[in-house]
């Protein structure tokens, strides 16, 4: 049986009676410094243990979300009408989707980007069957040519004024011309302007009356506008826009359209109508809407290959003057991939505090052409997309996000100008992994801090004590 004395012999911490120890002022000072150092270093170690540390690596893209990528956008075009705004998508694999509408919404806006109503619905804009009468007869011009000087007079004089805004070089305008003039003749015979005075058909040459056409926000030719008592303002379910005709363009269809507009209007006695014409026009005159722009928003699924998102004016029955098109725009939002949920985004930022500075790089940026760049200006954006994946310490993928860099430029186009977003995905991805920390490592470091400081302080105290003792002995030797 092992005796108690033998067990005591392995004691590392043998006690010295307090009566045999001696306290000193220098030792007390070192003890205070050592205690403060222990507390400070322990706090630093605890902070380091609680802090999140990550490691970043670049690996080959291992996306698990398939071959398609979600693209969300919200872009405002102050000079492009929703009537003709078209969203197109193409890629290097041959995909070419024109005028995407299923997941796209359009809202008319004014020049200050303010919405002028609810969602824009174009209806059957581009589904014309007849573009005009096929005739070889000589065209007799019966429609009234309008200019900037007499336009307001005619719009106030007639309760219904149907105007064809055209350009002589336009193919569709030339197809419309015979049926338009024949319809004008039939309407003039049916509703005599002098005796009836309810309706008249007119035309405006936009190559000669550019200011007048711009004032009425004419962007495509031909544009058939309907003016009622001096204004073409249409108020439909809080949506304010220009009233236009989108139907067939043969003579019969045009006449039928005009008759449907005139029939609800009560025919006044001729003299009374002439007497009250100016008063009625002043009372019922409405300010023309400043609805010349469009906000296009929505999403689409694009393939993970280099591709293009383009917004331009497009129509199967209109022509456009490229020199008058202005593709200025404001990118309200543009992002790739699924949106990060708010509860995950806070964790996302916690693991990577610097991530997100380049997220949605184009958001809020304006690209305005003040006509100082000349005509036919295409605005291009080159986007390089990199996927970033954040993985927690337990191996769980927290979130997958797509960030991009953006470089923008302008180019003079030989064709119709567009707003073009070229996107290209990197074959590599950034992997951010949370580093796990061992609690045993933390305890080891704390013990090392306490023991190390205590030992170093003891060594310093011993050196200081022996130095002072030696100095006292030297002084005593000198006195003898």
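Positions of Cβ are set from backbone N, Cα and C atoms, glycine also.
Swiss-Prot lists 120-263 with the feature domain 'Thioredoxin', giving sequence analysis as the kind of evidence.
Using a 10 Å radius centred on the Cβ of residue 173 (disulfide bond) and all shown protein chains, the other Cβ atoms total 23. Annotation comment: Swiss-Prot describes 170-173 as disulfide bond, evidence class sequence analysis.
Taking a C-beta cut-off of under 8 Å and a sequence gap of six or more, residue 170 (disulfide bond) has these contacts in its own chain: 221, 222, 319. What Swiss-Prot lists as active site, nucleophile is 170 (among others).
Look at Swiss-Prot and you will find 173 (among others) tagged as active site, nucleophile.
According to Swiss-Prot, the feature transmembrane segment maps to 439-459.
Within the domain 'Thioredoxin' (120-263), the DSSP-based counts of helix, strand and coil residues read 45 helix, 33 strand, 66 coil. Mean predicted confidence for the domain 'Thioredoxin' (120-263): the pLDDT average there is 84.
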